[in-house]
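**Q** Pulled from TrEMBL, these are the listed features:
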DOMAIN    41-288  domain 'G-protein coupled receptors family 1 profile'
TRANSMEM  26-47  transmembrane segment
TRANSMEM  59-78  transmembrane segment
TRANSMEM  98-120  transmembrane segment
TRANSMEM  140-164  transmembrane segment
TRANSMEM  200-223  transmembrane segment
TRANSMEM  235-259  transmembrane segment
TRANSMEM  271-290  transmembrane segment
Amino acid sequence: MLTGNQSTVSEFILLGLSVDPFVQTMLFFIFLAIYMTTLCVNVLLIVAVRTDKRLHTSMYTFLSSLAFLEIFYTSTVVPKMLSNFLSLKKTISFAGCVTQFFFFLFLGETECILLALMAYDRYVAICNPLHYNMIMNTMVCMRMISMAWLSGCISSTIDTFFILSLTYCGPNTINHFFCEAPLLMELSCSDVSSVNILKLVGSTILLFVPLSLIIISYLRIIITITTIHLGKNKAFSTCVSHLMVVVIYYGTSIFMYITPENSVPKNVNKMVAVVYTMITPMLNPLIYSLRNKDVHRAMRKLVGEQDILEQTCSIVPGELVGYGT
C-alpha cells in the first residue's frame, strides 16, 4: 500500500486475549453470548422507541441513536475477534486493520459527543422545562445528532490519514484483539513523535471537551434541584442512568487514551478494552431501560407482555421524565 511512504506489511497478526486453545474456545462462547445479547437489547430498544408514539421525543431520539451506534461500535471489533478464536491463522489484512481502526474511532468519538448532547438535553428539561419542547424540538435534535456523527467522521478521517502516513516494514504482530492507534504506531518504523503529540492533543480535546459540557450541565442541574422543594429525588433520578453510562465510558476511554504509554501492563489494557468494546454496549440499553418506566413499558409490550397502568407524577412543568426515570 502506498500512502506517501512504502509499507511492506500486508497483514497483521492479532495475538488476542489468550494463546491457550481451551481458553480461546471458552472465550468464544462467552463473547458470542455477550455480542448476541448486545445486538438483541439494542435492536429491541430502537424498535421500542420507533413503535411507541409516547417515546417520539428528543430524549428518546438521542437514546435510539446511541443504541444504533452501539450495534456498529461493537460490530467493528467482535466478529473478527470471534473468528480469530477459532482460527489457526489469526491475521487481519492491512486494509482491514485500517478500516477497523477508522470505524472504531469514528463511532467512539461520535459516542463521546452524543453523551454530551444527552446531558445538555437533561439540563434543558430540568433547568428550563417551560421552553423544553421549543428548544429541543425534532429539527434541533436531528441537527445535533447529525453534527455528532459528522464530527466523529471528520476526526476519525484525520486520525486515519496520520496512521496511513506512517511506514510499516515489520514486525507485524499486534498484542491485542483489534487494531488500535497506539499499537499501530508501535509497529511503525517511521518517526511517530509528532503523531504521538497530535494523538494526545486530539484525544484530550475529544474526551475532555464533551466531558466538560457534561460536568457543566450536571452542575447546573444540581443547582436547580437544590431549589426544588418537592421531588428532589425524582428530579435527580432522571439523570442517574446517564451518569452511570458516562462514568463507565469516559473512565475506560481516559484510562486507555490519556494515560502514559507503557505505564499499564498489556493484559490490563486488553481487559479495559473488553469493557468498552463489549460490556458497555451491552449494559447501556439495559441501564436505560431498566430505570426508565416508559422504555420498560414499551419493551415489555414488544415481547408480548401485558402493559400495566402507569402512575403519573409531575414535579415540574415540561418533560422532566428522563433517562433514569
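Here the Cβ of each residue, glycine as well, is placed from N, Cα and C on the backbone.
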**Q** For the domain 'G-protein coupled receptors family 1 profile' (41-288), what is the mean per-residue pLDDT, to the nearest integer?
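**A** For the domain 'G-protein coupled receptors family 1 profile' (41-288), the model's average pLDDT rounds to 84.
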**Q** Between the transmembrane segment (140-164) and the stretches 26-47, 59-78, 98-120, work out which stretch tops the count of Cβ pairs under 8 Å.
**A** 98-120
**Q** Would you say the transmembrane segment (98-120) and the transmembrane segment (200-223) are in contact under the rule of three or more C-beta pairs closer than 8 Å, pairs 6 or more apart in sequence?
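**A** Answer yes, regions in contact.
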**Q** Ranking 26-47, 98-120, 271-290 by Cβ pairs under 8 Å to the transmembrane segment (59-78), which is first?
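**A** When the Cβ pairs under 8 Å are tallied, 98-120 comes out ahead.
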**Q** Residue list, the transmembrane segment (26-47) vs rest of chain: Cβ under 8 Å, 6 or more residues beyond ends.
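**A** Result: 17-18, 63-64, 67-68, 70-71, 74, 78-79, 81-82, 85-86, 278-279, 281-282, 284-286, 288-289, 295, 299, 302-303.
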**Q** At a C-beta cut-off of under 8 Å, are there same-chain residues at least 6 beyond the transmembrane segment (271-290) that contact it? List them, or none.
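**A** For the transmembrane segment (271-290), the nonlocal Cβ contacts are 17, 31, 34-35, 37-38, 41-42, 44-45, 48, 63, 66-67, 70-71, 73-74, 77-78, 104, 108, 176-178, 180, 241, 244-245, 248-249, 252-253, 255-256, 296, 299, 323-324.
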